[in-house]
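Down below is the structure, laid out as structure tokens.
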There are 2 protein chains.
Amino acid sequence: MDVRRNVEEAMRTHCEFWGFEEVETPTFEHLELFTLKSGEEIVDEIYAFKDKSERELALRPEITASVMRFFGEELRARSKPLKLYYFSNCFRYEQPQKGRYREFWQFGTETIGGDSVKTSAETIALACSILSSLGLEFDVHIGHLGVVRGVLESEGVVGGDQDRLMSLIDKGDVDEISGFLDGLSVSSECKELVFELIGLVGDGREVVSQASGVLESYGFDEVGGAGLVELESTLGYLESYGNFDYTVDLGIARGLEYYTGTVFEIYIPGLGAQNQVCGGGEYSIPQLMGSDQFSTGFAFGFDRVVEAIEHQGIDLDLKPGLMAYVVPVSDEFRDEAVGVLGRMRDSFPADIDMTGRGIGDQLSYVDSVGARFAVIIGEREVENGTLSLKDMESGEQVELDVDEAIDKIRREYEVLLN
Amino acid sequence: MDVRRNVEEAMRTHCEFWGFEEVETPTFEHLELFTLKSGEEIVDEIYAFKDKSERELALRPEITASVMRFFGEELRARSKPLKLYYFSNCFRYEQPQKGRYREFWQFGTETIGGDSVKTSAETIALACSILSSLGLEFDVHIGHLGVVRGVLESEGVVGGDQDRLMSLIDKGDVDEISGFLDGLSVSSECKELVFELIGLVGDGREVVSQASGVLESYGFDEVGGAGLVELESTLGYLESYGNFDYTVDLGIARGLEYYTGTVFEIYIPGLGAQNQVCGGGEYSIPQLMGSDQFSTGFAFGFDRVVEAIEHQGIDLDLKPGLMAYVVPVSDEFRDEAVGVLGRMRDSFPADIDMTGRGIGDQLSYVDSVGARFAVIIGEREVENGTLSLKDMESGEQVELDVDEAIDKIRREYEVLLN
């Protein structure tokens, strides 16, 4: 659990230092909340059930819908931008496999309101800053849905057809995309252009100029260009957050209809099929939010981030374990032993025998649990006001004043902490 | 959320300093796990549902059964005592009311193995130490189920009858207890004795002597005495953990059949009908644990502890909020502003405008969100390598070197933290 807690702590501190506040929403909600956001298809992947009043409930498959509902019901009057973060478990009904679990944790943010360029840049910068602070190597891909959506719009591909196509682009199956475009009888230029655009992937802002050129060459610059301009401004802002590499990728589609503007995904090299640890972007869900506010957010697949840390062999400065194990030589020194133990437990992890084992067995136990010091209390120690400290690494034993002994262990604990 | 996180943090640190390690179990389990532990009656209070393979599942109503299952399946080979803690949400299907929610959090421990006197004393001491460290006033009541169970056993009241009676004693309805005892046709001495015992409540170890006298006067000292001896040793151990008041209360019955030995409950004065914030004791669930190991544990009703803190007006040293809000005088100083912001966010909470507001509106916003300093960056500051710091409390403004300015805010943040 230690690695998980350290990752959680790093994420929380990051968000709080960036001005976000935590929200917590219920584990189950009305099923409708999730179908409203993600469509009826999601029901197959949801743990849905009826309560004793026959209401249809569901274990949350993700958190954004709940945060948007909460915003619509409780937070609409707050000043904008409203910067929220959450750390919560989610549920998905499917065959568990590596990197995909039936119960999994998401850590994410939602920034409601604000300028879309600035909030998108900050959202991407925050996600990257969190992963960098954990020491992870990762690839961030950034795109803008307005480009392809603008092109489709101008050819009359709108509403459900457009969303369906974006979802096929998200899955990345070329034959399916091609078939679907043919069925819609778009012009052959439009079809070619879509494939050129979603194939545009490369480092830095040059890709934006390439895309711009492609749009122009097909005569679609007026309809797709606004998205590119916004993307370019966002990348400019993003660069002011520090030097990090990113890939512009116009093939990112995010698969859900309420995404509209800048979107991004983060991958961990070498994690296999489940290598995406983060996804996010700008979206609007007026049915839930009670207004057409935009929100920009991301969600980390928390369990995958933890796997990535293990995969990349990163040592997350684990907290020191048991620093002291107090060993009273016999039961008559129990009061003194427990008194010393209590003082130690104010400052560092310490323990005492709970079984009634003999002193030899206790010392073997101290060794087996890897405690740093055995603290022996017998007649001499009680008379002298001392403790005998046995260093379990070096095997050396010294007798020290009680205060001095506790101080020595505390100092060592503080060194191990940092 | 801040108070909740501070309480969680205090509980976690306490448990870790006392040598406990965290476990996390799934949110839903097979329904059978909970009926096995708590009886079929619990089904009425459970969110139970069938998955698509018609398996009966349930949202956990408590955590102990899950920890015991996990122990039985995964942890049996570990050295004992095994000291575990958890912080998890639970679900109860009932009308929500003050202090009783459909989704609620429990923080608890389980110590598996060890001597029952020592582990019971440490478990009670830990629960009390956590509440004391939060600054709460509370009453701890300690009893031992072996006394009344021993008396009943000797009169042939065993198995389901005995458990049913303990559950009535737990509810505390005198007429029901009396009717049930009459139905079992126990001797009138036994009935009188049971009522005398469960009425014995008072400070300190004297109550144990009184109970001993009562048992003797009815001639039941051989059957009920062992429990009293164990209780007295436990209280002796408990006292070595420090001076705190406790009430001995032989009327505590905990209501569930697997509790056998020392038990305890903690109440918060003035919290009304839902004033119990903690319950625990020693128990054994061989069907789940795969052995007849004893375990001693407690669970805090986490939400009630938080309510108690609010009720008693305790100020939990909340974390400082936003320390700095960076205000670039115009967009051309954005790179410098974001650069300074990034350095600040390494050390304390800081933010920047995301809306494109004018400088006057930004300063009003800084005021409204209660940020400690406005950090103004304009042409002069960029030329001089300085920042203008406006103290939002005093209204004073000073121009400082960038490093000096960041240091000043960091120092103030550290003061507020402690």
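Cβ atoms are placed via backbone N, Cα and C, with glycine included.
Source: prediction; values computed, not measured.
For the L-histidine site, TrEMBL records B:Glu62, B:Ile63, B:Thr64, B:Gln106, B:Glu110, B:Arg254, B:Tyr258, B:Tyr259, and the single candidate of B:Arg55, B:Arg76, B:Arg78, B:Arg92 listed with them is B:Arg92. When every Cα pair among B:Glu62, B:Ile63, B:Thr64, B:Arg92, B:Gln106, B:Glu110, B:Arg254, B:Tyr258, B:Tyr259 is compared, the largest distance found for this L-histidine site is 22 Å. DSSP assigns B:Gln106 (L-histidine binding site) to a strand. A mean pLDDT of 90 is what the model gives for the domain 'Aminoacyl-transfer RNA synthetases class-II family profile' (B:1-328). With every protein chain in view, the residue among the binding-site residues B:Thr64, B:Gln106 whose Cβ has the most Cβ partners within 10 Å turns out to be B:Thr64. In this structure, B:Tyr259 (L-histidine binding site) is part of a beta strand by DSSP.
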